[in-house]
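Per Swiss-Prot, the features are as follows:
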{"type": "SITE", "residues": "44", "note": "site 'Part of a proton relay during catalysis'"}
{"type": "BINDING", "residues": "45, 210", "note": "pyruvate binding site"}
{"type": "SITE", "residues": "114", "note": "site 'Part of a proton relay during catalysis'"}
{"type": "ACT_SITE", "residues": "140", "note": "active site, proton donor/acceptor"}
{"type": "ACT_SITE", "residues": "169", "note": "active site, schiff-base intermediate with substrate"}
C-alpha cells in the first residue's frame, strides 16, 4: 500500500437523497490538489450502510475514474482504497471483486456489524474476502460500531497467513493495540482511524492516517503525516494541536453528521443531506461548528 495520508470521504446527497455524483467528483479532486495520497470512498464516513449495492459500486467507480483522470501536483495519481464492508461476507466479497475489476488500488474491509462473530468467524470472513482478490486488503477494527474487536492475535494471524492482507485501520482508540501490533510485526502497516490520535499512532508504529477531518482540511492532515514520516515530532505535534478543536467539534455527534454539516457551512457541498436513521445535527452542534470554522478562518 503505497500511500500514507488519506480521507474517509463523505458521500454528498442531493435534496432528493440521491448521490450527488458531480459534487462527489469535485470533492475527490480537492483531495488530489491538496496533497492527499489516497481517498477512501464508501466507508463509515461515506454512509455505506445506507447506500444500495448499485450506489456503493458507483461511488467506487467515480473515485477510480476521477483519480485516474486527474494528476496530483507531483504528476502522480492518487490511490483509491475502496470500502467494501458489509455484515454479510458474500456481499463484501462481491464488492471486493468489483473494486478490483474497476481498478481500485486496495480495499478496506470492516468487521461484520450486528452479527458479533467469534474470532474464528472474523478470521474466516477476512480470509475469504482477501483470497477472492489479488489487490491488498486492509482490515478495519472499529469495535464501537461493530460490537466486536479483531483481537491482536487474530489480526496477526491474518497478516501472517493471508499474503495480501497488508494493513489495518485502527479505530479502537487503544494505543496499546497499536504498539503490540507493531512490536510483533513491523511490516504490518497500521493506519490511524481516530483523528484525535493521529499523531500518537504515527509515532507508535503507524504509517498513515484515514481521516474524517481530512475532508475539510486535507492539506493540514497531509502535512502532519509527512512531518511524522520524516520523524519531525515537534512539527507534526504542532499541526495535531492546531487541529485539536476541529477534531473535537467533528465528533460531538455521530460521524458523519458533523463533518457533513461542516462541509456545507464551508461551502464545499450544497446540501447537508442525510439518509435515515441519520438526521441533521442539533442547533447547538451547528452553532459549535460555525464557531469552530470561524476560529479556523474557514468561514467569516
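Glycine is treated like the rest: Cβ placed from N, Cα and C.
Sequence features, as recorded in Swiss-Prot, placed on the structure.
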| residue | record | DSSP class |
| --- | --- | --- |
| 44 | site 'Part of a proton relay during catalysis' | coil |
| 114 | site 'Part of a proton relay during catalysis' | coil |
| 140 | active site, proton donor/acceptor | strand |
| 169 | active site, schiff-base intermediate with substrate | strand |
| 210 | pyruvate binding site | strand |
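Neighbours of residue 169 (active site, schiff-base intermediate with substrate), defined as other CB atoms within 10 A of its CB across all chains, total 28. Neighbour density for residue 114 (site 'Part of a proton relay during catalysis'): within 10 A of its CB lie 9 other CB atoms from the protein chains shown. In sequence order, 169 are the recorded positions from 44, 114, 140, 169 with a C-alpha within 10 Å of the C-alpha of residue 210 (pyruvate binding site).
Annotation: no recorded positions among 44, 45, 114 have CA atoms within 10 angstroms of the CA of the residue listed as 'active site, schiff-base intermediate with substrate'. Cβ neighbours of residue 44 (site 'Part of a proton relay during catalysis') (same chain, under 8 Å, six or more residues apart in sequence): 8, 83, 85, 110, 142, 145, 255, 256. For the pair residue 114 (site 'Part of a proton relay during catalysis') and the residue listed as 'active site, proton donor/acceptor', the C-alpha distance works out to 15 angstrom. Per-site Cβ counts within 10 Å over the recorded positions 45, 140, 210 peak at 210.
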